[in-house]
Amino acid sequence: MTAPFAIRRLNAADPDFGRHLDHLLSWESVSDDSVNQRVLDIIAAVRSRGDAAVVEFTQRFDGLQAASMADLILPRERLELALTRITVAQREALEVAAERVRSYHEKQKQGSWRYTEADGTVLGQQVTPLDRAGLYVPGGKASYPSSVLMNAIPAKVAGVSEVVMVVPTPRGEINEIVLAAACIAGVDRVFTIGGAQAVAALAYGTESVPRVDKIVGPGNIYVATAKRHVFGQVGIDMIAGPSEILVVCDGQTDPDWIAMDLFSQAEHDEDAQSILVSPDAAFLDRVADSIARLLPTMERAEIIRTSLEGRGALIQVADQAQACAVANRIAPEHLELSVADPESWLPEIRHAGAIFMGRYTAEALGDYCAGPNHVLPTSGTARFSSPLGVYDFQKRSSIINCSAEGASVLGRTASVLARGESLTAHARSAEYRILDEKEA
């Protein structure tokens, strides 16, 4: 017999609300010492033995019999074949989603700029793409073609010359729709490897796997730990925590809609977090009833139940101002403003990965096909970080081109500051370029 469902209820008027909220939001990665050491050993092996180590780990962890790295490379023709092996509806959905993602990210492209000062000195900024990006994609039946689109398309829009995808194929299991997504997104090379060994291969390069400049994409605790260790050798997107959603509702949305929106994140895994905030206590009761009634109808009911009971909450607030204060404190990955006039709320929202405005804007639309990226900051990091975008695959270089007059004027200032820091060579380097009065 299934136990009665119970989700945490909080009230922002409670004197201990802050402490209870902190407890609700607390989450620590489970990367313990044993995981950390295993990852370090794998990275060291890949650095020293290259392809041989990658093949060995792939055989051991993925149950895949490969004689050499040649068996772990998928040519472009294989990606094109995948397009013919998925349904017409799947291909059309991928193409629609890809076009919307591409169109949105085209608007994020940053351009170079410069300006000229009165003395002829030119200052500016040059924007250039990364040479090569690595994309990690989880493998097996539970893999996510939408993640391929969201990670690869911004890189190609940015002008990255080569996108290298790694995707494990446990026991040889290949997900055709993931390969089809890679084809549509413009992925250049695919290796059927995964885990920490794939991250290490991308970061340091092997005889077959080219070294990349940045690694993006989700993965398990071994992948996340490996990304943390190779950061600095390469760039990474983020160390993502569990998925999360915060719904703020005025009490006028269908409670079944809200319940299903909460489920949409809770079904990811047991650590996912789904929270509803509303000033209407009776509405919170109705949503709780909807959750209890709809939960048994869900395919992933036990995962949803564990997530909601362990990390979910229904929070009552006094008004819009308090709701926004709670939202900013949580800084959620996904924020739904399921209210009558979401535009009036927007100026008060400072911290959120993505903001879904109005009753009709389900978070699931953003996950797949709205256009904005679904790779978002989690665990409160929206306080200081942003969604993945084109700018993550571009670099900026400062441009300084001094005229003789400009170098002379700046040289005097630089000399004073350099000598104040006792850096004589700096000072003299600037002073050599100072014009004497008859030259000026």
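Note that Cβ sites are derived from N, Cα and C of the backbone, with glycine treated the same way.
As written in Swiss-Prot, here are the features:
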BINDING   TYR136, GLN197, ASN220  NAD(+) binding site
BINDING   SER243, GLN265, HIS268, HIS334, ASP367, GLU421, HIS426  substrate binding site
BINDING   GLN265, HIS268, ASP367, HIS426  Zn(2+) binding site
ACT_SITE  GLU333  active site, proton acceptor
ACT_SITE  HIS334  active site, proton acceptor
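This view paints the features noted in Swiss-Prot onto the structure.
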residue : record                 : Cβ contacts under 8 Å, 6 or more apart
TYR136  : NAD(+) binding site    : MET165, VAL166, VAL167, GLY194, ALA198, VAL199, LEU202, ILE215, VAL216, GLY217, PRO218, GLY219, VAL223
GLN197  : NAD(+) binding site    : ILE42, ALA45, VAL46, ALA53, VAL54, PHE57, THR58, PHE61
ASN220  : NAD(+) binding site    : PRO138, GLY195
SER243  : substrate binding site : GLN265, HIS268, ASP269, ALA272, GLN273, GLU333, HIS334, THR378
ASP367  : substrate binding site : SER146, SER264, HIS374
GLU421  : substrate binding site : none
HIS426  : substrate binding site : ALA414, ALA418
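Shown are the binding-site residues HIS268, HIS334; the one with the most C-beta atoms within 10 angstroms of its own C-beta is HIS334. Other Cβ atoms within 10 Å of the Cβ of GLU333 (active site, proton acceptor) number 29 in total over all chains. The maximum pairwise C-alpha distance among SER243, GLN265, HIS268, HIS334, ASP367, GLU421, HIS426, the residues recorded as binding substrate, is 56 Å. Under DSSP, HIS334 (substrate binding site) is assigned to a strand (E or B) in the three-state scheme. Of all Cβ atoms in the shown protein chains, 28 besides its own fall within 10 Å of the Cβ of GLN265 (substrate binding site). In three-state terms derived from DSSP, ASP367 (substrate binding site) belongs to a helical segment.
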